[in-house]
Structure formats: structure tokens, C-alpha cells
Amino acid sequence: MVGIDKINFYTPNTYIDLEELAKHRGVDPAKFTIGIGQSKMSVPPISQDTVSMAANAAYPLLTENDLNNIDLIVVGTETGVDESKSVASFIHDLLDIHPFAKSVDLKQACFGATAGLMMAVDFVRLHPDKKALVIGSDISRYGLNSSGEVTQGAGSVAMIVSSNPKIIEIEETSVSMTKSIFDFWRPNYSKTAIVDGKFSNEAYISFFSELWVEYSKRTNLSLEDFSAFCFHLPYTKMGKKALLPILEKEAPKNKDLLLENYQYSTNYSRDIGNIYTGSLYLSFMSLIEHASSSLTATDRIGFFSYGSGAVAEIFTGKLVDGFKDSLLSAEHEKLLTNRIDLSIEDYTTMFTKELSIDSDGNHLFNQDKTDNSIFFFKGTENHQRLYGKN
Ligand code: HMG
């Protein structure tokens, strides 16, 4: 039995309240909070990037035993910090993982962490005494005042994959699908993503419905075999738009259960925003930390991973006995309740702040005063990115 043994998320401790943003943009706040389904959006200071966020998510999980037995580090990201050097290689160093591990990034929009999870599960199936660290880490940016502004966010999810996992066993059958489309993409020369919003929503929904038909055909499983579905959540209404059509003919009892659990799976994303690669796993944590009284061991959870461009996958897992004892619910609540609510002015300043590297590749700065995270980005020296640890 192989699966997720430990899981944690990190998000920067600064956010913008979306009702305030709506008022400032002259939009009815209900459009953001009900129409889109978002309440708050994490905004990273310049001292938090994809690497530091990933380290902050993984660090609390690691014991001495993990550091000595993690032979594979995979980071799914679409907002890496270097065209060549992997985020995973920085993480290997920052977390002090033993030298004989391999470290690599995987990219396919928001799908990268799922590719990493599948690679890690296969790796541990082949090497049952070894572990893998899988991270999804991203900063989602469409730009100030853009159509996607309200669906931005920042954060990381870290998971340890092992034999005899303490949280969820990943089952063997899954179905993936690829279609090369331009629903959302970011050319190398652009700091912000380009998106065809309406088309991206349609693509997401049609990938889910096509995959569900294929998945149920291959496995003979029906919705009654599931206790919950977790979705990649670019915003919290998105997964529901995909889920509702397949629930139409479902018996009321099962339909209500799946909808209720869907709601639980959206709590964290509603207050953080789209964290791209980590988003699906943030939904999973939100589900098991908020619906834990109704979920029990052996319950089957469905996962829908979607990465624009586009690749998607439906896979499943079964909760294992005692999973509730391994959750970091109290730490997550503390992280979210202690955040700083930014004014529109501070949000704008933070969003537009950039490195001003001189011709020798230098720009070092102090950790932002709003940032109390363990790992932080210090700037560059001789074109090399440097990180600090508190
Ligand atoms: P928009 O044009 O601002 O919003 O774009 P809209 O006009 O479509 O309205 C949104 C919803 O609010 C609608 O509900 C309105 O009716 C409702 P729906 O019909 O969808 O159910 N509404 C209101 N509700 C209550 N009170 C009101 C009110 N007014 C309107 N007063 C959009 C929204 C999400 C398209 C935009 O923000 C966007 O482009 N976001 C980025 C793209 C995105 O997130 N796409 C999702 C699928 S693609 C994906 O998930 C991959 C991704 O994560 C990237 C990756 O893989 O790396 C993005």
C-alpha cells in the first residue's frame, strides 16, 4: 500500500479582502464572493517566491528519518525561479536532505504536482523502503485590474509519499487525457498569464465529464462508490460547475453527501485563491480537515487534476485508519487567522514590487517586515538566488 503519509500547506501571511477589492474596482462584491466564490486572496511579498514557499510547506513535515530516506524530490510548478535550475534542487539544499537523492521539477500548468505524485507513487512501489517528497508551489498572476485578477493567489503544498501511508492510499487505476489547446498559457517573455477565461472554464468541464465517462467505464465504479470528490480549484465555483452535471441523475442522499463534502473541500481555497499546482491538494486537505467527522477509513476520494494547455487526470485514493491523527488542522487555522489584511494601496505596492538587479547580478534586501515565515528569499548575489532561514 503506497500513498500520502503526511501533507501540509503554506501561504504567505498577507492577503487582500475581495469585498474591498470589488468595491475599489466598482464591481458588486457578490460577484466575487458568490459568482466566483472567493473571499480572500493571498498576496506574496517579494521575500516569498516559489522556492521559499515550497520550503515553508515541507519543513514542518520532516523528521530525521524522512531526511535520510527521501530519495526523490519532485516539484510541480509553472512559476519556477530559473529556466534551468530546478526548484527541487534548491529545496534539497534548504531542507538538508541526504546527498544521494534526485531532485527534479515537472511542468504542465496546474497538472505538474499530480504528475509528480504519480511519479512518486510509482517510485515507492518499486522501492518500498524509500520515500518521496512531492511539492506543488506557485504564484498565480494575471495582473492588476485584469479579468482574472480575483482568481490569483500564492502558496505551496508538500506531501511525503511512502509505503503504509498514514493518510491516504493511492489506488492503481487512473485515467488521463491530453489536448493541446490555448485556454491559459504564459509565454517565456511574460510575467503574467494570458487566459481565455470562458474557454478555460468550458475546457475544464469537458475534460472532467469525458474523463469521468472513461474512468467509470474502465473501473465499473459509480458515484455511489465515492464519499467525496476533490477538484483543482482555480476559484471555488469551478469544481461545482463540473460536478453538478454528473450528479443530475444521482439519488438525493448520495448527491447531498457529495455536494456537502465538495463544500468542505473549498474552505481553504476560498481564503487563499488559486495556487495552481498545489490547488487540488489544498482541496483535499480542506476536505479531510473540515469533514473529518463524516469521513472514515476506507472511504474512497476522487481527485480531478486539471492543468491548462491541457492535461487532466482522474485518480482515486482510500483514506486509511487513523488518518485524522496525522492532520495539521490547528496549525493551518493559526496560519490563516494570523494573516495581515492589506489595504488596496499596500496590495498594489506589493504586487508591483520587483527586483532591481544591477549589471553584476546583485540585489539583496531585508525580509519584508510583514513576512514572519521560516524560509525567505533574500535577493540575488552574482546572479545567484539566496535564501534565509529564521
Ligand atoms: P468574469 O468575466 O469576470 O466573470 O470571468 P463572469 O462574468 O463570467 O461571472 C462569473 C460568475 O459570477 C458568473 O456565474 C456570473 O453569473 C456571476 P456563472 O454563470 O459562472 O455561474 N455573477 C454574479 N453573481 C452574484 N452576484 C453578482 C454577479 N455578477 C456576476 N452581482 C473568470 C470569470 C473565472 C473567467 C475569470 O476570472 C478568469 O479568466 N479567471 C482565470 C481563468 C480561470 O480561472 N479559469 C478556470 C478554468 S482553467 C484552470 O482551472 C487552470 C488554471 O488554474 C491555470 C493552470 O492550469 O495553470 C487557471
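Cβ from N, Cα, C; glycine included.
Database features (TrEMBL):
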- 2-163: domain 'Hydroxymethylglutaryl-coenzyme A synthase N-terminal' (DOMAIN)
- Asp28, Tyr142, Lys241, Asn274: (3S)-3-hydroxy-3-methylglutaryl-CoA binding site (BINDING)
- Glu78: active site, proton donor/acceptor (ACT_SITE)
- Cys110: active site, acyl-thioester intermediate (ACT_SITE)
- 174-244: domain 'Hydroxymethylglutaryl-coenzyme A synthase C-terminal' (DOMAIN)
- His232: active site, proton donor/acceptor (ACT_SITE)
- 257-356: domain 'Hydroxymethylglutaryl-coenzyme A synthase C-terminal' (DOMAIN)
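TrEMBL feature annotations superimposed on the structure.
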residue	record	DSSP (3 states)
Asp28	(3S)-3-hydroxy-3-methylglutaryl-CoA binding site	coil
Glu78	active site, proton donor/acceptor	coil
Cys110	active site, acyl-thioester intermediate	strand
Tyr142	(3S)-3-hydroxy-3-methylglutaryl-CoA binding site	coil
His232	active site, proton donor/acceptor	coil
Lys241	(3S)-3-hydroxy-3-methylglutaryl-CoA binding site	helix
Asn274	(3S)-3-hydroxy-3-methylglutaryl-CoA binding site	coil
Practice task
Could you give me the DSSP helix, strand and coil counts for the domain 'Hydroxymethylglutaryl-coenzyme A synthase C-terminal' (257-356)?
Solution key: 52 helix, 19 strand, 29 coil
Problem - Those recorded positions listed as Asp28, Glu78, and which of them has the most Cβ atoms within 10 Å of its own Cβ - result: Glu78
Practice task
Please find, for Asp28, Tyr142, Lys241, Asn274 as listed binding (3S)-3-hydroxy-3-methylglutaryl-CoA, the greatest distance between any two Cα atoms, in Å.
Solution key: 22
Exercise for the section: Between Asn274 ((3S)-3-hydroxy-3-methylglutaryl-CoA binding site) and Cys110 (active site, acyl-thioester intermediate), find the distance joining the two CA atoms and give it rounded to the nearest Å. Expected result: 10
Practice task
Would you mind reading off the Cα separation of Lys241 ((3S)-3-hydroxy-3-methylglutaryl-CoA binding site) from His232 (active site, proton donor/acceptor), to the nearest angstrom?
Solution key: 12
Practice task
Between the Cα atoms of Glu78 (active site, proton donor/acceptor) and Cys110 (active site, acyl-thioester intermediate), find the distance and write it as a whole number of Å.
Solution key: 7
Practice task
Work through the recorded positions one by one (His232, Lys241) and point out the residue whose CB has the fewest other CB atoms within 10 angstroms.
Solution key: Lys241
Fill in the blank from the handout: Cβ proximity for Tyr142 ((3S)-3-hydroxy-3-methylglutaryl-CoA binding site), under 8 A, sequence spacing 6+, ordered by residue number, returns Gly148, Glu149, Thr151, Gln152, Thr192, Ala193, Val195
